[in-house]
Each structure stands twice: as C-alpha cells, then as structure tokens.
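*Asks:* Before I ask anything, here is the structure I am working with.
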Amino acid sequence: MYTQNTMKKNWYVTVGAAAALAATVGMGTAMAGTLDSTWKEATLPQVKAMLEKDTGKVSGDTVTYSGKTVHVVAAAVLPGFPFPSFEVHDKKNPTLEIPAGATVDVTFINTNKGFGHSFDITKKGPPYAVMPVIDPIVAGTGFSPVPKDGKFGYTDFTWHPTAGTYYYVCQIPGHAATGMFGKIIVK
C-alpha cells in the first residue's frame, strides 16, 4: 500500500532517474544552458548584501517594481525555504510585477548546496513536465555550479520585456514540475 511518503519517495526516485538519463544523453546541461565564465563566487555575507539590492516592494505574494531600471535578485533555495523553490524578497516563488519598457537587471544566486539550478524566462506557463521543454525567451543563467567550500554561485543578465505574462522557471529535470517557477506580469 502506498502512503503519501512512499509515493513522494518513488516520485523523487523517478525524477532522479530522469535527471540521470538526461545527463547521460547530454540533455541536462543543454536544457538549462551552458556552464560558462559568467558565473562568479560569493560568500554568505556577500550574498546577503546582494539580496538587499532588489528594488521591488512586497505586497502579499507579489513583488512590484517601478521605474525605468529595476533590479530583481532571485535566489535558489535560501536556507529555511523548501526545495525546490526560488526566493525574491523572502517570498517563495512570488509573482513579479514589472513596468513595460523597463530595463530589468537580474541577479540569480544559487545557495542550494546539493544541486545546480537555472533561472530562465518563458511565455509557457505551468504545468511543467519532469523534463520541461519551455523554449525560453531569455535563457537567463544557464546551468549554475553547485555551491562548495562556503561559496555560492551567482550571475547577472539584463532583460528588456514588453507587456505580457511570463514565467521564471528552473529547467533542471524535475524542479519546475515540483514547483520551482513563478509568474512575471509586465504591464
């Protein structure tokens, strides 16, 4: 008989097998983008300072940005948050509201010591398959390095969105399917 715990365990084994298969055939990093020299390292105090540079204002589960240039700072699985998730302004997978025509500077930080992640922007909304095929509009970060030696990986990119609804998604197999995504409304 399956209990909720055994079903969850079996599901994660399936996701893990899918990720291993994807990596074996070269899909894991190809789906998330390439690991490149744009990734830098930061210590925990540096990460905390970066998180403070987000220019949004929180209201409920929404972070609203204003102005011609906005700075979104997103982290993967900050301490105290469930795996897998993104955090912006201490909110799990919040909706981001951004003015149309703004220049959006994104800093993405991976603080999850067990996994790499990606932060990609797409028009395709949920639900997402274990092996998501989302055709990113912005293949934002590529595949992040796994943090080690007390240092975390981060990278920056710039986006110039037009009005519409978008989603930020982690393309690592199984992550978006288990909730590692959020909505972006540009208006």
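All residue numbers here begin at 1 and follow the chain in the order shown.
Backbone N, Cα and C atoms are what each Cβ position is placed from, and that goes for glycine too.
Given the structure is predicted, the values throughout are model-derived calculations rather than measurements.
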*Asks:* If Swiss-Prot gives Cys170, His175, Met180 as binding Cu cation, which of His89, His117 does it give for that site as well?
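*Replies:* Among the candidates, Swiss-Prot records only His117 at this Cu cation site.
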*Asks:* Other residues near the Cu cation site, CB within 8 A of the CB centroid of His117, Cys170, His175, Met180?
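*Replies:* Same chain, not in His117, Cys170, His175, Met180, Cβ within 8 Å: Ala76, Pro84, Ser85, Phe86, Phe115, Ser118, Val169, Gln171, Ile172, Ala176, Phe181.
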*Asks:* I'd like the per-state residue tally for the domain 'Plastocyanin-like' (85-187) from DSSP, helix first, then strand, then coil.
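*Replies:* Result for the domain 'Plastocyanin-like' (85-187), in helix, strand, coil order: 3 helix, 43 strand, 57 coil.
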*Asks:* Quick one: of Cys170, Met180, which of the binding-site residues has the smallest count of other CB atoms within 10 A?
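*Replies:* Among the binding-site residues Cys170, Met180, the lowest count of other Cβ atoms within 10 Å belongs to Met180.
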